[in-house]
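J.: Can you keep this structure in mind? I'll have questions shortly.
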């Protein structure tokens, strides 16, 4: 598909329509594969956040919630299914925008759009099922009382999302929030906002009630921070860096506001000596080089049994050399650019520091020689790593994998858990009992056995330790946006009898 001659010029999507940012400022959109400026996005500030939150608040309570927050789940499901259908219709165009905006291979972006549509469809089904789960009875020990549970939308939610999977990560929050009956203000990363703005256009096309979903773009300090601190936002859901997540927690704590956080990771991949090496190498590659390694759950710490380490690394280098690194619009591209010049410089500094600290750059670590422009980095394999090195301890968020050897299962688990993070982990072995033991021992919210990075909308996603808390996807993702209310009634015709009635005069 040919690149469009111009990126659509969008405003902020507030109250069901487009409006220019209050200060009239816009931010350039740079194609990271070419370094060319291809358009711009509106730069929202606190005044725009106020308008968006007000629109969401109005939509939540309009006509007592009859049109959205208190409407039957089947009503909300109709809109979610309509959004999914539009995503499918526009799949090729949206994938192209995503590639131009973020630098990811077009094939990957197209797969992301399929996942976006599937996520909206899944939560449409859960919205419909929610009606049948209301008034769930609670068994009580006293016959003169009856009790049941209502699940109600938590209110207006602020959704702050990252740039690595721009529309998909937004959908992981938008779809369950809307299914629950919440109204929302979505603030995507300023580094990749184009497809999220197109979601606003889709909402307008399908007639989503005004204010149910509002989309503002801009800098984190100017748009994200006012959203996180707004007193009329009932919950914040954030995916991004651990440092930003800490600031959001501090802000929310001042108002006792619930938050869910999906933050950084430094996930391990443990490979034992009983594996098919080429199969395991491909999973190691996919676990750290897909999406140019810009994945929060990337298995960027590779732990190899000492008996196979040399053979494994020889094959890993051979496979890494075979990756097609190119303009992400080219057919067969498997490694595009990273998202921005800032991210490029950050990754290159990690590699430089690893070298200075005594690690070995076994392969990669530089710009591909055939690509003179764009923010491209070769797949990078780093060995002779100690556990005190920055490359072992900190999230790189790029196509960089560091390697250590182990001798025993116990040592492998200790190395795997030697991190402040706890998002994911993986183990590859033909001994399934060993895999089960390790899946219990790894301190993370997700464990993969004989694979790395599969993600299904039906299964919970989230981490432990400094990787955050709360779970997205599946029923757990819907529960993020629901408040549980207990309703108990007294059913006897007799007085309760706790107090003695006053004497009759």
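Yeah, the Cβs are placed from backbone N, Cα and C, and that goes for glycine too.
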J.: Looking at the 4-aminobutanal binding annotation from Swiss-Prot, with 262, 263, 461 already listed, which candidate in 203, 296, 435, 491 is the matching residue?
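T.: Of 203, 296, 435, 491, 296 joins 262, 263, 461 in the 4-aminobutanal site that Swiss-Prot records.
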J.: Rounded to whole angstrom, what's the largest C-alpha distance between any two of 262, 263, 296, 461, listed as binding 4-aminobutanal?
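T.: Those residues reach a largest Cα separation of 12 Å.
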J.: Counting all other Cβ atoms within 10 Å across every protein chain shown, which of the recorded positions 243, 262 scores highest?
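T.: When each Cβ's neighbours within 10 Å are tallied, 262 tops the list.
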J.: So which other residues, same chain and not among 240, 241, 242, 243, 244, 245, have a Cβ within 8 Å of the centroid of the Cβ atoms at the NAD(+) site?
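T.: These residues sit around the NAD(+) site: 238, 246, 247, 248, 263, 264.
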J.: Of all the recorded positions given, namely 165, 171, 245, 262, 295, which is spatially nearest to residue 461 (4-aminobutanal binding site) at the Cα level?
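T.: Considering only the listed recorded positions, the nearest one is 262.
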